[in-house]
Amino acid sequence: MMCNGAVPGETGKRDENLKRGNWGNQIEFILTSVGYAVGLGNVWRFPYLCYRNGGGAFMFPYFIMLVFCGIPLFFMELSFGQFASQGCLGVWRISPMFKGIGYGMMVVSTYIGIYYNVVICIAFYYFFSSMTRVLPWTYCNNPWNTADCTGVLDVTNGSTASPVNFTQIFNQTLKRTSPSEEYWRRYVLKLSDDIGNLGEVRLPLLGCLGVSWIVVFLCLFKGVKSSGKVVYFTATFPYVVLTILFVRGITLEGAVTGIMYYLTPQWDKILNAKVWGDAASQIFYSLGCAWGGLITMASYNKFHNNCYRDSIIISITNCATSVYAGFVIFSILGFMANHLGVDVSKVADHGPGLAFVAYPEALTLLPISPLWSVLFFFMLILLGLGTQFCLLETLVTAVVDEVGNDWIIRRKTFVTLAVAVVGFLLGVPLTTQAGIYWLLLMDNYAASFSLVVISCIMCVAIMYVYGHRNYFKDIEMMLGFPPPLFFQICWRFISPVIIFFILVFTVIQYRPISYNAYVYPTWAITIGFLMALSSVICIPIYAVFCIMRSEGDSLLQRLKNATRPSREWGPALLEHRTGRYAPVLSSSTESQLEVQLLNPEKPKSDEAGMAVAITVGSNGSTHSQDSKI
């Protein structure tokens, strides 16, 4: 029976890997990966980048980068994790010296996991605040509002604000602050004046952070067996909400103007290096390359699953979602600009400014605005949770695979709980009055150029240290066909060059971080660079450690031994270890193996004895994962 998107030769629907488990079916893996790749950036970053970089003209470099960098890297990471059935640490049996890449991925996932859940908790706060007859950021008559506040509905509703000309307010020097901005800064965040002035912990945000971590834990407490069921809802419902908001948006007056701003090509910008750099960066970060999540999710696939097809489906779905989200965002922003009599560029924003200020303000103009607000923030929560699931699973899987014994595998739920509790505690400082400053600092530095460096070294390690021919043979053994020639060329030449281009572009385009008018002090930027360095530094530190531990009389001999694949490298299960991975067995061991395969319920003591007889790891430890079939 063919199942799980298998290539010929795969049978049965039970778990192949009884020790680690597998996805219930292939749909679960695809939905989880789509949920992981499609995140908040698709809604709050891509549409703005598109509008800023030439509208429809931006689509050309965007899809060029998708084809030559995005999909190949996505396929490489999926095939890497699936072949070894290991998380982001275990896969580096392929070349032990580069295991620091796996630790770097864990550090990056830790940083992102901490601040990503804080963004989700703010979305939870707005979600709960929207459950009212009048959205609290509609008018300027609240205790937290200032004299500068002018709401778009205040004039028509006869509040204390004096009638004004909105075009004059936007285009001249009069300073207008919207009720949604004051709600965000003065009520939700109670924003302090400096990153070093933490102030008090905002208890409502702390409570929402607790809720979001509890939700993540409950969805992951049984690993991929529980999260695989949850994604049927969390990965699909955002598309329902996007469609509802899209239909509502395009029926509004001024929506076409907003969409034209989003799509009208400015072909002269296509010659600008910044446009190509933004396109490459957006593809790279949006797909989640070098986070460790793709390797982790693929490691729970069955060995012969067609991950080549999956990588194309997921990558294209991710990019199509970004384009679709642009219609949803700019139709509403066009309507708001039309209502105010200003240019769309005056109301367009990105990041938290779009999600928690500009878009919520636009929603106040709609009839039954609380309904649209509830839907919008529920969509943000689900988009965030899909990514958060994979970030947490990446860390848990790396720890469990690294320890690797039965004791910790049976207690994986407790490992998940421990990681969630630590993540919650580390997120507490981000719920203080200076929390948004720290959140943006982590977003800008912890997961920026370090990802590019990690990905570049990973490409070099697999293609040039392990060897492209070896890797192509591994994929052929797993899928039944070698990677297409296009992917072979991309992996060896084109993708590393593009990654290097992104790195150079990131360095050239670097500007010190700021938040609205606030400029970060030097000490804060230094902390940001240290966070970025903390993940990259794992690679050389572990490489030196590995070389020192390697056998050999000379440095060159030690280097060769440190980069050579360990004996444990290869398919996790003996049934898939064929060809050059086939274990060398004596005749007595072969007969014992035959008995074990026919009697899978043998006592564990016999099984352990078998493991020793079958194969011994490079460090002298038994390779138990191969032996338990």
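Our numbering is plain: 1 for the first residue shown, then up by one each step along the chain.
Glycine is no exception: its Cβ is also placed from the backbone N, Cα and C atoms.
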Partner cysteine of CYS140 (disulphide bond, per TrEMBL) from CYS121, CYS149: CYS149
Contact call for the transmembrane segment (236-263) and the transmembrane segment (371-392): at least 3 Cβ pairs under 8 Å, seq gap 6+: yes
Residues from the same chain, set at least six apart from the ends of the transmembrane segment (445-466), whose C-beta lies under 8 A from its own: 73, 76, 80, 94-95, 98, 101, 104-105, 108, 111-112, 115, 284-285, 289-291, 491-492, 495-496, 499-500, 502-503, 506-507, 513, 528-529, 531-533, 535-536, 539, 563, 565
Residues within 8 Å of the GLY35, ALA37, VAL38, ASN42, SER286, ASN318, LEU383 Cβ centre (excluding the Na(+) site residues themselves): VAL34, TYR36, GLY39, GLY41, THR321, SER322, GLY386, THR387
In contact by Cβ distance (the transmembrane segment (413-439), the transmembrane segment (29-47); 3 or more pairs under 8 Å): no
Distant-in-sequence neighbours of the transmembrane segment (283-300), which means Cβ under 8 A and at least six residues beyond its ends: 20-23, 29, 32-33, 36-37, 39, 41-42, 45-46, 62, 65-66, 69-70, 73-74, 77-82, 84-88, 90-91, 102, 105-106, 108-109, 112, 224, 307, 315, 318-319, 322, 387, 390-391, 393-394, 397-398, 401, 447, 451-452, 454-455, 458, 499, 502
Long-range environment of the transmembrane segment (59-80) - Cβ separation under 8 angstroms, sequence gap at least 6: 33, 50, 91, 94, 270, 275-276, 279-280, 282-284, 287, 289, 294-295, 297-298, 301, 307-308, 310-312, 314-316, 319, 323, 455, 458-459, 462, 474-475, 478-479, 483, 487, 490-491, 494-495, 498-499
Contact call for the transmembrane segment (371-392) and the transmembrane segment (522-548): at least 3 Cβ pairs under 8 Å, seq gap 6+: no
Among the ranges 101-128, 312-337, 413-439, 522-548, the one whose Cβ pairs under 8 Å to the transmembrane segment (203-224) are most numerous: 413-439
